[in-house]
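Worksheet: one structure, shown below.
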């Protein structure tokens, strides 16, 4: 009996040290349990809605309510390093398309974002003055209401630099964050219920301006007789790629210098909305459906094959497709590019990224040569470039710690743990050796 009692006491002491005594092991165990529980519960759908990774935040609040705590230094490290990893990965993910998106509509979106931030800032200052609420608490309320945890990290760092207490900001964010999440969900459901018609949803689901569309055209327009494909492309506003050309019973891969003749039959990759314009350009569109998933492209002609090649060579990352001159050098054609599950039109100006899956059409020997140029080593892509990742994190932290003097503000401003890593992440994702591209199998093989 005495042995059982001793065994029980030893186990209780072990459990107490594992879950409640502030040690590095206890911090790792508690954080791991919170993350696991949050991710698991985040997958549960209720009325068609799931909170996803946001549930980790709620799991942390519940753990604190139940009395679990970890060493403040360990908590500060986990908070800071987690924030850095989050914003840096976000920068890597959006980096490849950041500048192109910014040119297309980024200015308007940024102006709207600045407007939202200014409105929130004015309301924060106003409520702080009228209600006598400390500014640190109101900053936390603003971050929680907008579910912006990176902003909370930056705000806490700024408050510490100013000698102000930062604990109130975290508590205020924790109180308002759940309502911020639920409020956004309820607002979206309300907008969908009041203003969105079922027909609008159906149209949006079937309308994708980036989705490629394959069609065959016959050259019946006298205006393009005896003109090269390059000249015709300059005359045409819609972008297109001619994958194959049939003439007098033979099929070939046309180069940009290929001269079009009357009754030539062209296999063209474009977008569905541009197909009517190309019908006017070429003369006639055939009724055959080339967009079905079960088409055996290699059976269409005997001398040409179609193969998917993945870009795995780092030196190709960030280059324009046209600058490689693959068509003229190897006699092949790249019809489409698959990137993160989205099919893109293989135009000369398309900037390539690591992990892009190219649909290459040509003779077997030529495709083998192109494969050597592009890499096609999927295993290499699965091995992360850890050195580049952590060098980028270090550069981001250095950038975030640089004080920037702004006239009218007594304390220099810093980008901080959130601003520096995300800026470096965007730059490396766009120009550097790190690219986060998911190798999702293409939806329509050609």
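Just so you know, glycine gets a Cβ as well, placed from its N, Cα and C.
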Range annotated as transmembrane segment - as stated in TrEMBL, picked from 49-68, 129-148: 49-68
Stated TrEMBL location of transmembrane segment, expressed as one of 80-99, 200-219: 80-99
For the transmembrane segment (386-406): best-contacting stretch of 49-68, 80-99, 111-128, 169-191, by Cβ pairs under 8 Å: 80-99
Stretch among 80-99, 111-128, 169-191 sharing the most Cβ pairs under 8 Å with the transmembrane segment (49-68): 169-191
Per-state residue totals over the domain 'RCK C-terminal' (201-284) - DSSP helix, strand, coil: 27 helix, 29 strand, 28 coil
